[in-house]
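J.: Below is one structure. I have some questions about it.
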Amino acid sequence: MTQDEMKKAAGWAALKYVVPGTIVGVGTGSTVNHFIDALATMKDQINGAVSSSIASTERLKEFGINVYDLNDIDALSVYVDGADEINASRDMIKGGGAALTREKIVAAVADKFICIIDNTKTVDVLGQFPLPVEVIPMAREYVAREIRKLGGNPEWREGVVTDNGNIILDVKGMAIKDAKALEVQLNGIVGVVTNGLFAHRGADVVLIGTPDGVITQ
């Protein structure tokens, strides 16, 4: 089974967590694209979706799924999204697709966060994948200096502008043993919008696509 086939298996497995008659929170990325494909098969059973990115919104609309503004709804029963890394505590690094801020907001609203991944995303210690930090453009160098004081090596992801009009610093060289503490520490730097650590709002269920099928954790 290829990596993409494992992603597809995880994406389709998430369908069983979708509650008919509700609005579904939808994340961003290659694995989520498979979930959107699956969600389209039951689009007449849901009331629509809230999306974490322009790209996912466009894909949902292509299937005729109504996309709501998060400000227009009171609650989400479920949010389905991928991860770049996840550990045994279900802490995650997300944001490889630069949608981390909107992903974190939608995840905060949802009653349940379903993380869909292939088996290459599970790690013992977070940090091999660069940690994305969304930053107000004028604060780029200041934030980079502050991150270096914490032991990280930030690199500007040149040419990338988030859906919110900000930039991304990818932080390398950090073995993240206390994800909750670092999440707060980074968010406390003036100019940081948010960072890609999802520790305070981690996953409730993890669906892992493997060569032998989907494992639920």
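Including glycine, each Cβ sits where the backbone N, Cα and C put it.
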J.: Out of Lys61, Lys121, Lys149, which one does Swiss-Prot list together with Thr28, Gly29, Ser30, Thr31, Asp81, Gly82, Ala83, Asp84, Lys94, Gly95, Gly96, Gly97 for substrate?
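T.: Swiss-Prot names Lys121 for this substrate site.
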J.: What's the longest C-alpha separation between any two of Thr28, Gly29, Ser30, Thr31, Asp81, Gly82, Ala83, Asp84, Lys94, Gly95, Gly96, Gly97, Lys121, the listed substrate-binding residues, in angstrom?
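T.: Largest pairwise Cα separation, rounded: 15 Å.
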J.: Tell me the Cβ neighbour count for Glu103 (active site, proton acceptor), meaning other Cβ atoms within 10 Å of its Cβ, over all protein chains shown.
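T.: Result for Glu103 (active site, proton acceptor): 33 neighbouring Cβ atoms inside 10 Å.
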J.: Between the Cα atoms of Thr28 (substrate binding site) and Glu103 (active site, proton acceptor), find the distance and write it as a whole number of Å.
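T.: So the alpha carbons of Thr28 (substrate binding site) and Glu103 (active site, proton acceptor) sit roughly 8 Å from each other.
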J.: Fewest other Cβ atoms within 10 Å: which of the binding-site residues Thr28, Ser30 wins that one? Let me know.
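T.: Fewest other Cβ atoms within 10 Å, among the binding-site residues Thr28, Ser30, is found for Ser30.
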J.: Going by a 10 angstroms cut-off between Cβ atoms, which of the binding-site residues Lys94, Lys121 has the sparsest surroundings?
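T.: Counting other Cβ atoms within 10 Å of each of the binding-site residues Lys94, Lys121, the minimum falls on Lys121.
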